[in-house]
Amino acid sequence: MTVTNRMEIESAYHKGEGFRSYYIQKIEELQLVVAEKHQNLRRLQAQRNELNAKVRMLREELQLLQEQGSYVGEVVKPMDKKKVLVKVHPEGKFVVDLDKNIDINDVTPNCRVALRNESYTLHKILPNKVDPLVSLMMVEKVPDSTYEMVGGLDKQIKEIKEVIELPVKHPELFDALGIAQPKGVLLYGPPGTGKTLLARAVAHHTECTFIRVSGSELVQKFIGEGSRMVRELFVMAREHAPSIIFMDEIDSIGSSRIESGSGGDSEVQRTMLELLNQLDGFEATKNIKVIMATNRIDILDPALLRPGRIDRKIEFPPPNEEARLDILKIHSRKMNLTRGINLRKIAELMPGASGAEVKGVCTEAGMYALRERRVHVTQEDFEMAVAKVMQKDSEKNMSIKKLWK
């Protein structure tokens, strides 16, 4: 092979390599363009799907807006697998058919349903209507009070455990004995003796839904509003069972009925009658317990206090000396006290004081120490606090300079 031929071959080879690298570069560029187009296509497909979803939603809303309104009724009872007796106000009661998407097992008495306007067919089950004021009565967070925070009420704690805590945690014991579970308990006694505190402790230990309502909240100015709130209160308690309904100041609606021409008194009596009806209506095995508290048991209606509605009445007397000492120990547990403080002597200085007043003595003693810029509480602070809270004559002899130093 001559030199000329070799040079021609090498020249052709280099030309071929140049073409190859050129086309490879072009192919890579086109692949990048194709990848970018695919990415744009996927993005456009996602946008299309999102727009289609919005279109479907708008069409459904438009269809709902174009539909005729439905009647709202309340189920009385199911008649058979395809028929239900429904009460519609004010028309009356109707036996209606079920829509194909409604299961007869989901249709229970007293539930709210929607009926078609033209055929009265039951086509939707509605949620129960609850007044916002009633829903606010349910305490979302379980109270942090415990039995250890209640001093001097060992007998009362034992009795309320038997009535409220034991049926919720161990209902089989009542079934074994063949006795009915207690429905409710009444806590009565002077103000500040620990009725509300013990109710909160029960809710903490039973881990139940705690519904707290004051009797004055059920007194409404419009006729029938208070009765409706009582009904919705028990409906909410059944939905969130096991639950405890704590009614404080029950004497505001549960006082003895008298003949009066006042419309306000009549409305309060209607509210109490609805409460009596609800106490008779719900079963004790439904894990709904009622705790009532009052400091005026003498004015309560006898119908409210009879067994079967209120099965146990627990008295909260003013604490004796030992009980006051226990309360002082509980509330001074976290206080920074000096050595040698005689809490028994402090308890002896408060004859007839309530538990709230004993707690107030601890708070006032801390305020006296704070007033003098001290980080500890002394015996003298407690004695001055007792004199102030109990309003004794010794308060007049205290040094003004000592008080306002």
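Cβ coordinates are placed from backbone N, Cα and C, and glycine is handled just like the others.
As given in Swiss-Prot:
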type	residues	note
BINDING	G189, P190, P191, G192, T193, G194, K195, T196	ATP binding site
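Here the features listed in Swiss-Prot are placed on the structure.
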{"residue": "G189", "record": "ATP binding site", "contacts (Cβ under 8 Å, 6+ apart)": "K195, N295, E315, F316, P317, P318"}
{"residue": "P190", "record": "ATP binding site", "contacts (Cβ under 8 Å, 6+ apart)": "N295, F316, P317, P318, S354"}
{"residue": "P191", "record": "ATP binding site", "contacts (Cβ under 8 Å, 6+ apart)": "N295, S354, A356"}
{"residue": "G192", "record": "ATP binding site", "contacts (Cβ under 8 Å, 6+ apart)": "S354, G355, A356, E357"}
{"residue": "T193", "record": "ATP binding site", "contacts (Cβ under 8 Å, 6+ apart)": "F316, P317, P318, P319, S354, G355, A356"}
{"residue": "G194", "record": "ATP binding site", "contacts (Cβ under 8 Å, 6+ apart)": "V150, G152, L153, Q156, F316, G355"}
{"residue": "T196", "record": "ATP binding site", "contacts (Cβ under 8 Å, 6+ apart)": "F246, D248, A293"}
I want the residues beyond G189, P190, P191, G192, T193, G194, K195, T196 whose C-beta is within 8 angstroms of the mean position of the ATP site's C-beta atoms, in chain order.
L187, A293, N295, F316, S354, G355, A356
